[in-house]
Amino acid sequence: MIATLKFTTLLLAVVVCWATQDYGYKDVEEPTLGDSQYGSLWPLPQKVQMSTVAFKLSGASFQIVDAKESSSGASCSLLQNAYRRYDEYIFPISRMQGQNKKKAFASDVSELQVWITSADSECDSYPSVTSDESYELSVDSPVAVLKAPKVWGKSINRTEIQDFPRFAHRGLLLDTSRHFLPIKVILANLEAMAWNKFNVFHWHIVDDHSFPYMSRTFPQLSQQGAYHPYTHVYTPSDVKMIIEFARLRGIRVVSEFDTPGHTQSWGKGQKDLLTPCYSGTSPSGSFGPVNPILNTTYDFMTMFFKEVSTVFPDAYIHLGGDEVDFSCWKSNPDIQKFMAQQGFGTDYSKLESFYIQRCVASVRHGLKVKQMISNSLKSNTVVHVWMGNKFEEELQKVTGAGFTTILSAPWYLDYISYGQDWQRYYKVEPLSFNGTDAQKKLVVGGEACLWGEFVDATNLTPRLWPRASAVGERLWSDKDVKDTNDAYSRLIQHRCRMVQRGIPAEPLFTGYCAHEYKGV
């Protein structure tokens with residue numbers, strides 16, 4: 001996956017998970033089970049040449065090493081950590097039992113040599129939207145060679161593979177406001193993201209419901225706005241650990257702090273930030289979105305996002321900007337007066353635009369180098385296309401206006417249904433909209449979203465996987481990779497692989513994983 005080097009099952013370490021097949025689901029096209037010529041590769045690489053010649057892969061003799069020609073060696077902790085992780089993934093039993101290394105036979109693949117070809121391996125850097133994730137894998141006896149320009153390349157199974165991502169931005173959104181997610185749950189899903197070639201963790205960290213981000217500049221935000229000020233917060237050290245865990249797997253962490261709506265939890269700790277709502281001529285005691293007419297609002301945003309930019313090293317910050325309820329603004333006499341002064345009439349979307357443009361300008365001035373992502377065409381940002389059944393029309397409009405775009409509308413994984421809904425996500429073609437080649441180049445990728453109204457630590461992971469895996473392949477593999485029968489054969493094995501590695505991914509259909517009946 002785009003996370004460091006993914007040495008998943010190298011070719012011959014394939015855990016095959018057989019499943020039986022019935023034909024009874026309604027409104028879903030049931031794929032027929034047959035062995036894929038690509039084994040359990042997921043997501044499918046851009047080019048694979050596989051041979052019928054088979055080699056043995058023994059935990060007693062196999063090792064992963066730096067190639068002599070590699071620009072990165074023992075000092076690269078990112079790669080050394082990856083070697084250890086994937087050695088344990090491939091040979092879990094022999095490593096647990098502490099088997100000693102033995103001499104390899106002629107038919108063994110005894111070594112994987114990792115060759116970083118660029119002079120600057122980026123070993124100590126953070127991944128970015130421009131990171132080179134391409135790689136080549138050649139498996140032969142006795143040595144397999146994995147060649148990549150940077151440490152962000154990775155491998156999967158067998159023979160000859162040349163691979164690179166179709167889209168640069170392949171994200172997964174997790175919501176930690178509606179339900180607080182313990183750190184161990186976030187880390188487990190970052191690991192699963194790496195196995196599925198996701199490279200962006202979109203951290204929707206705060207919302208109306210709670211403010212678990214512990215700010216050094218404004219500590220009262222989490223003290224007053226979190227579900228609990230001590231147990232349900234992410235401290236600066238927590239955030240730093242999550243970012244580093246992600247970095248070691250080639251995953252960017254993009255934080256989202258959504259305004260002017262979705263900010264009820266902010267107002268508990270920041271006086272005068274939210275708009276007072278009125279009932280007739282008197283304040284009702286309730287509050288609406290961020291107050292867009294006060295200079296103090298923008299002073300606060302500048303200081304807050306300046307801190308955020310130092311905590312989160314990625315070049316991008318997500319500003320949200322969707323689903324703003326205008327009713328409170330409409331009720332407030334000061335807002336009404338401001339609307340008249342600005343010549344906005346009664347069009348409160350113009351007030352929303354005013355806020356977003358001024359907020360973006362303030363934040364950008366304070367940060368200087370940060371790029372912005374938002375849900376709005378009302379500012380000079382990367383535009384995130386969210387909900388809507390007609391996402392093709394929205395993509396046509398957004399790219400037609402010249403905006404770089406990220407797509408999420410067809411990949412809301414919190415919407416669940418009976419049957420194999422992974423197929424619906426798999427069949428989405430992000431570039432199916434009417435537009436020029438130049439417009440389609442503006443779509444840099446997409447994100448699967450799992451909003452937190454009905455998920456917490458108890459059910460988030462099985463609801464997410466392997467449904468998110470379908471999105472992972474759609475964003476990584478070639479556009480012509482769309483055979484659901486072949487995908488089903490590979491995905492059931494990939495799902496079993498995740499289960500064996502400790503991710504409780506839900507089953508696609510009836511059947512079982514081979515490892516269940518081997519005492520493992």
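Each Cβ is built from the backbone N, Cα and C atoms, and glycine gets one as well.
If you look up TrEMBL, you'll see 1-19 marked as signal peptide.
Residues or ranges marked as domain 'Beta-hexosaminidase eukaryotic type N-terminal' in TrEMBL: 41-153.
Contacts of C76 (disulfide bond) defined by a Cβ separation under 8 A and a same-chain sequence distance of 6+ are given as S121, C123, V151, in order along the sequence. Here TrEMBL flags C76-C123 (among others) as disulfide bond.
What TrEMBL lists as domain 'Glycoside hydrolase family 20 catalytic' is 167-478.
What TrEMBL records for C277-C328 (among others) is disulfide bond. Sequence-distant neighbours of C328 (disulfide bond) (same chain, six or more apart, CB under 8 Å from its CB) are T275, P276, C277, S286, F287, G288, P289, listed in sequence order.
What TrEMBL lists as active site, proton donor is E323. In sequence order, G261, H262 are the residues of the chain that are 6 or more apart from E323 (active site, proton donor) and have a CB within less than 8 Å of its CB.
Counting every protein chain shown, the Cβ of C513 (disulfide bond) has 22 other Cβ atoms within 10 Å. The disulfide bond annotation in TrEMBL covers C496-C513 (among others).
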Candidate with the highest Cβ count within 10 Å, taken from the disulfide-bonded residues C123, C277, C496: C496
The domain 'Glycoside hydrolase family 20 catalytic' (167-478) [mean pLDDT, rounded to integer]: 94
